[in-house]
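If you look up TrEMBL, you'll see A:67-513 marked as domain 'Cation/H+ exchanger transmembrane'. Taken from TrEMBL, the feature signal peptide applies to A:1-26. TrEMBL lists A:55-74, A:86-103, A:165-182, A:194-216, A:236-254, A:307-329, A:341-370, A:391-412, A:418-437, A:458-477, A:483-504 with the feature transmembrane segment.
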Protein chains: 2
Amino acid sequence: PRGRRPLRRRLPLLPLLLLAAGGLRAAERSGGSSSAMEELATEKEAEESHRQDSVSLLTFILLLTLTILTIWLFKHRRVRFLHETGLAMIYGLIVGVILRYGTPSTSGHDKPFSCSQEDRPFTTLLVNVSGKFFEYTLKGEISPGKIHNVEQNDMLRKVTFDPEVFFNILLPPIIFHAGYSLKKRHFFRNLGSILAYAFLGTAVSCFIIGNLMYGVVKLMKLVGQLSDKFYYTDCLLFGAIISATDPVTVLAIFNELHADVDLYAVLFGESVLNDAVAIVLSSSIVAYQPTGENTHAFDAAAFFKSVGVFLGIFSGSFMMGAVTGVVTFTKLHCFPLLETALFFLMSWSTFLLAEACGFTGVVAVLFCGITQAHYTYNNLSVESRSRTKQLFEVLHFLAENFIFSYMGLALFTFQKHIFSPVFIIGAFVAIFLGRAAHIYPLSFLLNLGRRHKISWSFQHMMMFSGLRGAMAFALAIRDTATYSHQMMFSTTLLIVFFTVWIVGGGTTPMLSWLNIRVGVDPDQDPPPTNDSFQQESAWLFRLWYSFDHNYLKPILTHSGPPLTTTLPSWCGLIARCLTSPQVYDNQEQLREEDSDFILNDGDLTVTYGDTTITANGSSGPHTKNPWTLLTVLVCDKQQTSN
Amino acid sequence: PRGRRPLRRRLPLLPLLLLAAGGLRAAERSGGSSSAMEELATEKEAEESHRQDSVSLLTFILLLTLTILTIWLFKHRRVRFLHETGLAMIYGLIVGVILRYGTPSTSGHDKPFSCSQEDRPFTTLLVNVSGKFFEYTLKGEISPGKIHNVEQNDMLRKVTFDPEVFFNILLPPIIFHAGYSLKKRHFFRNLGSILAYAFLGTAVSCFIIGNLMYGVVKLMKLVGQLSDKFYYTDCLLFGAIISATDPVTVLAIFNELHADVDLYAVLFGESVLNDAVAIVLSSSIVAYQPTGENTHAFDAAAFFKSVGVFLGIFSGSFMMGAVTGVVTFTKLHCFPLLETALFFLMSWSTFLLAEACGFTGVVAVLFCGITQAHYTYNNLSVESRSRTKQLFEVLHFLAENFIFSYMGLALFTFQKHIFSPVFIIGAFVAIFLGRAAHIYPLSFLLNLGRRHKISWSFQHMMMFSGLRGAMAFALAIRDTATYSHQMMFSTTLLIVFFTVWIVGGGTTPMLSWLNIRVGVDPDQDPPPTNDSFQQESAWLFRLWYSFDHNYLKPILTHSGPPLTTTLPSWCGLIARCLTSPQVYDNQEQLREEDSDFILNDGDLTVTYGDTTITANGSSGPHTKNPWTLLTVLVCDKQQTSN
């Protein structure tokens, strides 16, 4: 080997690793005039670094593969005490232990060079090395005490990702999938309760946990357990971080056991929306964190601005979703590949547009998912429906299991853990009390207005299902610069572990202990009492439903009644222009009902908002084909309304 | 706004942008003790940079969306003179012009800081800024003349991706999809010719183009058109880069018009394999490039080593693919999601494993795709088959159109273009002569051995189909550090543009002019002469086929004859262990035939290697259902072999 090495070794870059926090890119594009010796040395390093990158990514793929194989084994054997996410964490923990204690600590072969600047740090640095110029980019600040730990262990550095990876790459598919697979009919039926739990409940929970933790911090200061500052706003931030529930384990078991659909809808809807609330809440708490004195003040403006921002994002995302719906309102469904690609690009551009406008991309993507499921989905061809569903399902699955195995890994490989027993115990008590203060009083208030009450067993189940997962982790790892944030991160990690394992394993016993109906086959077995259809949010739902059904659906999709029949007669011309010709064809089919069948084929639920079920003899409870039942019921409904 | 901004603004990171070459990450994690003014300034910059990142990514998404919509329009109107890749390039060009001439040149608001070091460059740099330590990572070398151009235009920098992005992110799905959608039956029938064209042909083409270009360079030096060094090895590298054909446009039209399947198979197989050959060839030419004197020597060892490396990669990837097949040999097909995720992870880990071992990941992924299509595909459930196919189809589609629109963009946004008219004209002549010297003599030699000759019209069509595409571009952009490489890159870009537009538009007229059969509906219309089934590579094919069919398929898949019948009787025990119980069930179905039906449902071809077609009356040429025909023929075949 003389002179240069192959080019591909010289710019070591691997897909996800670009995102890794470590100083991966020891890439130099040297001209022709450099000395060979020098080049060889740096190229050897670059090659070594490239190899390590590949190995560390392979580690994660191995983890995911192991998880998948074990999940398969578990599903095959019908093991329900451990969910795939819990499993991913266990494998992550094991690999973390191996990496931490099994790999040699290769301390700084490349002793960092120091040179003093007077000014503030530049984003780009040009360094003159014996006549050649090299470009450096700023990576971040290092606290003075950690300078000698920077290069402690290459492998540990390699497996440590930049926290923003979670927000910009791993969370979007998870959140989008959540929005896209929302069972809209049940969601809208329980809209009032879901909104109350998600918005009010999360705020209450955040405030209570924040205050309780401030008490704990005061106590720690008294007994001398606190070695650095811990502000009130830090406590509130912790409250916001830890208020994002993620009952993925519980919902998976619900789904498998066919538990009550209303409980499922409320839990799922709450967890999806409270993620969005928690993000915006934590952002605004950070934004308005007082710097010096006046650390106790909670700025009311911050809260109201966060509400404003949230509403802005909501409407913005809704508009984007509607635009997507209009775009896919073409005859693109002759080409499923184009349709799927466009769908994917639209979802992604929603994320980017929101980020470019200064909003939160993750939240935008959630509402984009909901809107697309509601409108765009109806415009898709049959093949594209399954394609988009499957594409996002795979992305969601991989991202979720990756986050959970990374969590397991982080317990041992993260280098700045601060475990404070008092704080941890305090946090567990606080999240318990916060969840209780959120569920029980709110349920009491909601039951005052609901005809179909939220029973005690449902309330206990919701209380029990307060798991913390990917969102809490992503929010906590976002900033681990200060002492207080490091302690919060370590505590969050433990809370996630504990809740996922214990609650995940305890769901099945809990369901039977609380006597919650399982084995509900919704298309065969309409709930026994009629009053479950007299919804608590009937007025809200009915208002929304009729507006959506009569005006939005005909405009944005190929389904629903033609606008010519729903709009007043003096709008005739506009109505004719806005109504798709296909609407007339599809009127009988009422394609909109499709949208209920997005998520699980095993969970085909037939419910009709404000219509009481009066099934004909020909389509009694034993009809296997839900479509027959549907058609009959739809005809019934039309007869009623005529 | 007092003090800190929301955290999410402080670490601007966006999915693909992490890959961008620009100094995106002006990320600083400042502690609590820093002055607010300083922080605000850097945070404002970071926010601005983050916004620009989003906008530049949105630009690319807009490009892709526009392309998709126009493709739809073209497909709808059956426009064939412009392929989607050509379209993507045109849109890229337009956006490139706008970016280049429409955006203000924001020259370095952040003047790079210089400080001299004695030693070789470090990968990590610690800089002390008024008491705080900041970490910098090495980005690359900058030639002294370019120092003041570094920050010329932020937007142009933002849209310039790191060349390795193409190799590590965009090419793998394209190449994997090519391997996965290879029509194996036709591929293996023409294996001899394909291997000859791909290996010998590419080497011949590379050598001829390299030598012709060396003549051009000599001429340029004579007339004073050359302002810097241009070695013989650079010319050879250009030969290797430009020898990778990419007839995606031609094949799309073939597919649409149902042109001759054998011609399709040879063209497709050649282009897939010659990409691999070109990669390895160019890597080894770069590796053995003499540094100082002795610039004319072509090191024979380099060639042989490249062959060795290539064979190593081939066998390594084959092994990996086989391992993947064995892994998916479980009953995982009850859970399509797990299966698809595992399939995806296995393909990716092949790429990473190859990179970790010092091989070329892209080549490994190609053979992984071929092996998985041949073995693993048979083990997949029906749903997973369509899922994996669709997943990789979408990834391939997005990656390909992204590369082509990036090419259009690069013509105006790339800052180091060197257009030399003499070199460009010389290159066009050279690729024409190189292609001619590759196709006609090789076809002549192959025809000596083939019973079913490669006709003149086929040879002309192959000559005509020598488009250059994504692979040539990715190879050329990989190193644009020196004068010669910059000239090669600009020339490659023009060659890609020219060939994609002209050849893409001329395919349909060319097909009719050469009287090549179109509208072949392979499942209804077996080729008129029987001798087309007496293949030129029959002996090779038969040997491989019987080994594969009798031993590999039963071991690696659930199909094929049980090993107990194909192995000698003394191997009874091993045979019983290695044969899947499902093989016995599937024996009649002969699932292996499925593998012919991967790519296009519109191109269902029924051919049987060494079996002459003797269709029964019940399944004559007018049978619509290919399965009936298949079953009958398979029975025929079994009767023949018994």
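Glycine residues also receive a Cβ, built from the backbone N, Cα and C atoms like all the rest.
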Between the transmembrane segment (A:55-74) and the transmembrane segment (A:165-182), are there at least three Cβ pairs closer than 8 Å, leaving out pairs fewer than 6 positions apart?
no
Pairs of Cβ atoms less than 8 Å apart decide it: which stretch in A:194-216, A:236-254, A:418-437 has the most with the transmembrane segment (A:458-477)?
A:236-254
Using Cβ atoms and a strict cutoff of less than 8 Å, what residues sit near the transmembrane segment (A:86-103) while being 6 or more residues removed from its termini?
59, 62-64, 66-67, 70-71, 74, 153, 155-156, 159, 249, 401-402, 404-413, 496-497, 500-501, 504-505
Leading stretch by Cβ pairs under 8 Å, where the reference is the transmembrane segment (A:341-370) and the options are A:165-182, A:194-216, A:418-437:
A:165-182
Which stretch from A:236-254, A:391-412, A:418-437 shares the most C-beta pairs under 8 Å with the transmembrane segment (A:194-216)?
A:418-437
Contact set, same chain, for the transmembrane segment (A:418-437): CB under 8 Å, 6 or more residues outside the stretch:
204-206, 208-209, 212-213, 215-217, 219-220, 223, 225-226, 238-239, 242-243, 463, 466, 468, 483, 486-487, 490-491, 494-495, 498
